[in-house]
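The feature compositional bias 'Basic and acidic residues' is assigned by TrEMBL to 77-91, 909-924. Annotation comment: TrEMBL describes 103-262, 377-662 as domain 'Amino acid permease/ SLC12A'. Among the features that TrEMBL reports, domain 'SLC12A transporter C-terminal' is placed at 676-784, 801-1001. Under the heading region 'Disordered', TrEMBL lists 74-93, 895-924. Look at TrEMBL and you will find 130-159, 179-208, 220-237, 243-262, 378-398, 418-444, 523-541, 547-568, 580-605 tagged as transmembrane segment.
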Amino acid sequence: MLHPGVFTFVDWRLCVPGDGIPKESCPFINSAATDVEKSQQYDSKSMALFEEEMDTSPMVSSLLSTLANYSNLPTGSKEHEEAENNEEGARPSKKPLGTLMGVYLPCIQNIFGVILFLRMTWMVGIGGVFGSFIIVFMCCSTTMLTAISMSAIATNGVVPAGGSYYMISRSLGPEFGGAVGICFYLGTTFAGAMYILGCIEILLIYIIPQAIALLNNMRVYGTIVLSFMALVVFVGVKYVNKLALVFLACVILSILAVYAGIIKTAIEPPVFPVCILGNRTLLSKSYDVCAKIVELDNETVTTKLWRSFCDSESLNATCDEYFNNNDVTEIQGIPGVTSGILAENLFGNYLEKGMFLEKRGLASNVDPDSPVSNTNRYVLADITSFFTLLVGIYFPSVTGIMAGSNRSGDLRDAQKSIPIGTIAAITTTSTVYMSCVVLFGACIEGVVLRDKFGEGVNGNLVIGTLAWPSPWVIVFGSFFSTCGAGLQSLTGAPRLLQAIARDGIIPFLRVFGHGKANGEPTWALLLTASICEIGIIIASLDSVAPILSMFFLMCYMFVNLACALQTLLRTPNWRPRFKFYHWALSFLGMSLCLSLMFICSWYYAIVAMGIATCIYKYIEFYRAEKEWGDGIRGISLSAARFALMRLEEGPPHTKNWRPQILVLVSVDAEQNVEQPRLLSLTSQLKAGRGLTIVGTSVQGTFLNNYTETQKLMETEKVKGFSQVVISSNLRDGTSHLVQSGGLGGLKHNTVMVSWPHNWKQPEFHQQFRNFIEVVRETTIASLALLVPKNISSYPSNGERFTEGYIDVWWIVHDGGMLMLLPFLLRQHKVWRKCKMRIFTVAQMDDNSIQMKKDLLIFLYHLRIDAAVEVVEMKLEIDSCFLFLQIQSITDSSRGSIRRKNKPTLQPQHSKEEGGSPADKPDDKVNLNQIDVRRMHTAMRLNEVITKKSKEAKLVLLNMPGPPKNRVGDENYMEFLEVLTEGLNRVLLVRGGGREVITIYS
């Protein structure tokens, strides 16, 4: 039965190679059907009603057949193994894995590791049973919550190669996926270094301690082991997989040996004596008998311990003062589970580097004034310990929970096996860890627990002293388990890097997507070994463990984030088979991960976040062309909807007003913008960070021009939105843009349209009439209007003005648009060096001196720096001048007034005004007088503006309102032409009827 949550349907087309649909977006893997095959599929079908749809949509029967035969590509190193098997000959196909072998045991193998055998007892001794239990509980809770989130994501579809990287990238997008994928890769790589260092530590300290004298032994031996493991992975990966069960058996047998030894301590505790001088633990190699002197044949003889602290074997020798003042005591290193030692080990005992390991409860006679000597005879703390250090060292022991999800292609029922197997494995390992904390504290003496390298118990591995039947079971078991874990890390990390490289989201990593003919990631293996060598050079397991903790915690944090977002956004495709999840649990897991990162090491956390941020910005900068339906886009949609609903609550306050511009452009036959400098001017005004819509009207029908509009929207790279309206005529299309542009409260409040420069030519008459209609519509809609004249002379974004002026001619108050626009322009690098000047016109009855003072005060309150000048202008017109102007306007080249005398155009008032020409016989005379006065004003203003602002880089002035009667349109254009004559760059501004600038904060 096909479950709706298993596959993601992106398109109802058959996905054939080369059609541009990515594999992860296509439910049809082997569906490259030819046209002949398709026709055969549809032959003899009685579905004539759907014949046309059959060309692009599959029949339900063929769809179900394709989905039933779907098989995901195996992950991990399975490809290499199958390739080699094919070379050797045909082999029987392997059966799919169940929950036990496919998920549970791989997770157990990856979770149990070197920390359990080498650092667990030390952590209990330093942090105490209470502190260690808190650390284990926090870390195990984090992985359990992450496993719940991961189970939900993994059961929401098929998880191919890449495991956690695939889940995060497809849930949070390529930027987050790439950043977290690289962090997870680095974590896995440093985990390999940690396992190798653990392997070398076991080899040099517990198996062949004679090699300890070699200079830089950890680095030398570590590099040798790393080279050998890399060679094994390169040559024969299938042997690593086959040996995995052997390594797992070593781990399980070692843990069983520990539990058997704990049970035995209740019956017969093992004999591991520890020698204490005063309350200080002595090195086992510094004595043969735990006594200062012994009786031998009725003779008192000094021991090796005496000779270690005294200058001779004689009883009268001069000895160390602390040695003289304190007695030697021999205690049992493992008193047993029934001894009651648990009470002594409940609380922590954190040490500074070089401090003595001291037994609690024993007296110590120390002279505070005497210098400390013979420190090489005692067991000393090798590092300074504190709670957060223990967290960073321990956390790698709970990683490895992704092993099951990485094998989803090999599972019989991944939707069932991944949640059950992963959660069962975490429950098992968490139980083992928590019980070990309590049992170690109940069985082992505190000074032995704090003895990291077993220097006080004859150099034995401390956990080995507890094992039954012999400590060597733990030594060899842990050695082989660390070798196997190191090989697994060197096998998995290159394939993770290869999956990231093949996705193509990080360009400089593409070379690591290539490999051998069978797909083996050769170059990725080389890089992994090189990074792993960095961890080997550090040469300290305690220093490497917090590094990989950071990367794993970051990966787990984003797994939880991905699940929480998908749940909260209620994406229609979010239908996981695993139902026992909740967004609150995911957020709790994410919070725990983030907290543990800073608890472990705040500076490592900052470095890890810095690396992830750099990768995120790199992918974002190169704009990875991937669309995976990620949750971040869902967040954007939800946030946009919420913000739009908030904007609808009321009009914006004057302080929040910013120009949200609808730029009306025209396109040529090739769909290219005819006035590209309009877009340049728009971007220069974007200091207000408002909305920008670039709109155009295309003449034609929607069915024929739809693809052309899509092409225009893709090619115009403007930071804003493109909107195209296809209409039977350009006038209606432009009107629709002005009326319906934007959405809700995010609508334009300003319209920018270019001046129709060829309006006087008869073939362009319709163009200027459309322009005036735009002016009328913006006035009615209370929208501001910007009309740049001579737009081709405006500067591009690459030009710079080193000096000059932006002149504002403030004639009528327009709500402050004339003040605001120069301020916004001067924020841009093109206009930054220009100074601002404001001119205003005083009439006969105005006090020009007082006007200037008031304007300066107004500008001061507006926080705008500008020079101010008041221009006095007389506008009387004598009768002779009136006659000349009438003759000029009624010239045959203009024809506007003459045409008004024609009977057909006689009415010069709208029908709404009522009446007829007969009712108003003086209309023509009044109209001529009004037009002449307007022309005279335009000419006088032009004379003054030209005189004052001839050299200005830009002139802004008020745009007069359009005529109420359409018969005066041509005169209106003539007025504006005369007003701006002789000026290079002019920006006509018409306010929207509201205040856009305020003196208040």
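Think of each number as a place in line: the chain as shown, counted from 1.
Heads up, the Cβ atoms here are built off N, Cα and C, so glycines get one too.
Curation does not apply to TrEMBL; its annotations are automatic.
Counting Cβ pairs closer than 8 Å to the transmembrane segment (243-262), the top stretch among 130-159, 418-444, 580-605 is 418-444. Among the listed stretches 130-159, 220-237, 418-444, 523-541, the one sharing the most Cβ pairs under 8 Å with the transmembrane segment (547-568) is 130-159. If you look at the transmembrane segment (179-208), the same-chain residues 6 or more away from its ends with a CB under 8 A from one of its CBs are 113-114, 117-118, 162, 164-165, 168-169, 172, 217-218, 221-222, 225-226, 229, 396, 399, 453-454, 459-461, 464, 475, 478-479, 482-483, 485-486, 489-490, 492-493, 496-497, 499-500, 506, 528, 531-536, 538-541, 544-545, 547-548, 550-552, 554-555, 558, 608, 611-613, 615-616, 619.
Same-chain residues lying 6+ beyond the ends of the transmembrane segment (220-237) with a Cβ under 8 Å from its Cβ atoms: 77, 80-81, 192-193, 196-197, 199-200, 203-204, 211, 214, 483, 486-487, 490-491, 494, 520, 522, 525, 528-529, 532-533, 536, 539. Mean pLDDT, taken over the domain 'Amino acid permease/ SLC12A' (377-662), works out to 85 on the 0 to 100 scale.
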